[in-house]
Amino acid sequence: MSGPILVFDSGIGGLSVLAEIRKRLPAENYCYLFDNARLPYGDLSESELIRGCVELICQQVQQVEAKIVVVACNTASTLVLPVLRQRLTIPVVGVVPAIKPAALLSKRKHIGVLATPGTVSRDYTHGLISQFAEDCQVDLFGSSELVMLAEQKAAKLPVNNQQLAKILAPIKASKLDVLVLGCTHFPMIKEELSQYLGESVLLLDSGEAIANRVASLLEPAALSEALHSGTTLHGGANSGTKGIGVIHAAYTQAITAGLNITLQEYGISDSSLIVTK
């Protein structure tokens with residue numbers, strides 16, 4: 001398996017996951033695929049989300065010959081993973097909200113989950129709460145507006161602090177001590193969240209856990225390939241110049257100059273608009 005790692009999201013949120021994976025596997029090549037034409041996913045019907053995501057991801061997997069797919073979107077992960085795993089012959093990794101570690105770390109036994117309206121309403125999320133946080137008070141907060149604030153920041157536009165404060169006011173008033181960032185967009189505005197909520201609220205996301213999972217799936221294969229071929233392993237099966245892989249981005253709607261700068265800041269060397277089926 002020598003193709004790139006395909007990281008998928010509705011927008012720029014998956015960049016936070018991409019960054020964590022790249023820390024673990026810097027020599028791998030990557031394709032960052034984002035469906036910005038249909039952003040935000042939290043407002044889509046389940047059937048529309050499943051159909052669109054599966055078609056887009058499968059199309060791009062074939063195009064770039066990806067060796068693994070990371071669905072770096074909580075909303076999509078709650079719905080599309082079973083379908084993708086039926087359609088594809090390569091590993092598919094999804095995002096699980098960090099509810100289990102949040103429950104373990106909470107001293108007050110009062111945690112919150114901040115995600116899109118779709119994620120907080122799904123049985124999948126409520127199942128995680130029942131399984132891992134029965135001994136905690138768990139407050140659910142759904143916001144698509146916060147997704148768009150993160151997108152604005154990525155486009156180099158100022159964050160609307162008044163709007164941010166209005167969204168976060170119920171969280172601050174709840175007196176919880178651990179907040180799960182149940183949308184991959186939200187680590188992009190972690191600094192703003194921390195500034196408003198204060199140091200007493202611990203913010204948790206799943207980026208590092210996803211990176212560990214991807215590495216566990218790829219590293220044994222890379223090691224086995226190196227041992228059987230007699231070659232030297234330099235951190236990944238598809239190494240770039242001096243052990244650093246390249247990242248290509250693909251998107252479904254034209255991007256702004258500001259967002260292009262953000263992509264470059266994440267090490268993305270080139271990008272292109274793709275036509276969906």
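Using the three backbone atoms N, Cα and C, a Cβ is placed for every residue, glycine included.
Under the three-state DSSP scheme, CYS73 (active site, proton donor/acceptor) falls in the coil class. Sequence-distant contacts of CYS73 (active site, proton donor/acceptor), defined by Cβ-Cβ distance under 8 angstroms and a gap of at least six in the same chain, are PHE8, ASP9, SER10, GLY13, GLY14, TYR41, VAL95, CYS183, THR184. Under the heading active site, proton donor/acceptor, Swiss-Prot lists CYS73 (among others), citing sequence analysis as support.
Around the Cβ of CYS183 (active site, proton donor/acceptor), the number of neighbouring Cβ atoms within 10 Å comes to 33. In the three-state DSSP assignment, the secondary structure recorded for CYS183 (active site, proton donor/acceptor) is coil. Summarising the annotation, Swiss-Prot assigns active site, proton donor/acceptor to CYS183 (among others).
Annotation comment: Swiss-Prot describes ASP9, SER10, TYR41, GLY42, ASN74, THR75, THR184, HIS185 as substrate binding site.
Long-range Cβ proximity for GLY42 (substrate binding site), meaning a same-chain Cβ under 8 A and a gap of 6 or more residues, is found for THR75, ALA115, THR116, PRO117, GLY118, THR119, GLY142, SER144, VAL147, CYS183.
In the three-state DSSP scheme, GLY42 (substrate binding site) is classed as helix. The number of other CB atoms found within 10 A of the CB of SER10 (substrate binding site), across every protein chain shown, is 30.
Counted within 10 Å of its Cβ, the other Cβ atoms near TYR41 (substrate binding site) come to 26, all protein chains included.
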